[in-house]
Amino acid sequence: MRAAASILNLLLLSLLAGLDPSKTQISPKEGWQVYSSAQDPDGRCICTVVAPEQNLCSRDAKSRQLRQLLEKVQNMSQSIEVLNLRTQRDFQYVLKMETQMKGLKAKFRQIEDDRKTLMTKHFQELKEKMDELLPLIPVLEQYKTDAKLITQFKEEIRNLSTVLTGIQEEIGAYDYDELHQRVLSLETRLRDCMKKLTCGKLMKITGPITVKISGTRFGAWMTDPLASEKNNRVWYMDSYTNNKIVREYKSIADFVSGAESRTYNLPFKWAGTNHVVYNGSLYFNKYQSNIIIKYSFDTGRVLAQRSLEYAGFHNVYPYTWGGFSDIDLMADEIGLWAVYATNQNAGNIVISQLNQDTLEVLKSWSTGYPKRSAGESFMICGTLYVTNSHLTGAKVYYSYSTKTSTYEYTDIPFHNQYFHISMLDYNARDRALYAWNNGHQVLFNVTLFHVIKTEDDT
């Protein structure tokens, strides 16, 4: 009962504080600014949106909140009336019991004084009856206190109802159907906004989360960024050479437990660890060549193959760790990419966007970063991010935007927990980096920065 009275006081103070004009002033914003992270430590996706605020919406929301509060107060008043009737009834009953208990207690004392004259059996029965009644004494005292509190509570409810009614009259009546339409419109705008959150600039890398320990020091594991939410298949390719076996798991849980669902025997050996699964097909570099293979998991057949013109292969232009990592295939929000180096570009990195069906090069960008000085690289939203090493102390050191054809040097560290990274690829669906770290399959979370312009921005 005391808790109910305290809650009522808090509601009243909160309402009056919320209606203070000095606390309702909102500064306009130029646009939407959003920080988005792949997932939190609990595996959940996080997206924080700071949107332009509207004074009118705030006022309407406060009016709706007021009406809801009034309804709650009315419901509370009815509940208090019921409680009061029940309490008064019980109170009369307890008063009668109090009189009986006092008389019984007096008789018990008298009997106890002269207990030697009574039979032991009768005395024990009487004592047990008294022991049963003694706990009711504190209950009686509590009923007296609660009865006073209920009376005070009823009075406060009446006062609050009067205050809230007055406030509602001052604010005026609103068309709540119109307000509901505004809310629906806002939800639509927010959905449109979230659709624009597919791309952003890399700001931070956290983790890793160790998923499994398996295989050799070198390898690749991946999921399909274009798969549906219910399709969480994992593909596993151990080693960087002399292997044609791809293992499939229905889920991350099956992957961790080692419960394979299917095994594929590719028609060719692969080179390196920089493969990618994209829209149901595996893309990999054929061993001892600059040929890219597209292999369908559904049909078990090669759907396309094409030579990547002038691309170095077989440890001509690998990453710093070697391992025939000359040609790196990757995917992001925009599509399918190949990262490699050529003699024509003096061994510096070349970025090519590929047609996912024919493997034809759609467009290429020549950078000035030496391929042999790169530890690994990955694409996010059309920007290539390059690490400076595959060993301890590695960080994202260089980025190149295919949208603007410009580069910049960056300083984004990440924790190379197991000292040797031989595969680092971004998954747009999971907003995470998949890595093979010295026989450990790990995940890194990424934080992207977005700036979203409203329709009114120029």
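Here the Cβ of each residue, glycine as well, is placed from N, Cα and C on the backbone.
TrEMBL does not curate its annotations; it predicts them automatically.
Now, the feature entries from TrEMBL:
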- 59-121: coiled coil (COILED)
- CYS199-CYS381: disulfide bond (DISULFID)
- 198-450: domain 'Olfactomedin-like' (DOMAIN)
- 1-24: signal peptide (SIGNAL)
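Using a 10 Å radius centred on the Cβ of CYS381 (disulfide bond) and all shown protein chains, the other Cβ atoms total 19. The average pLDDT for the coiled coil (59-121) in the predicted structure is 67. Sequence-distant contacts of CYS199 (disulfide bond), defined by Cβ-Cβ distance under 8 angstroms and a gap of at least six in the same chain, are GLU333, ILE380, CYS381, GLY382, LEU448, HIS450.
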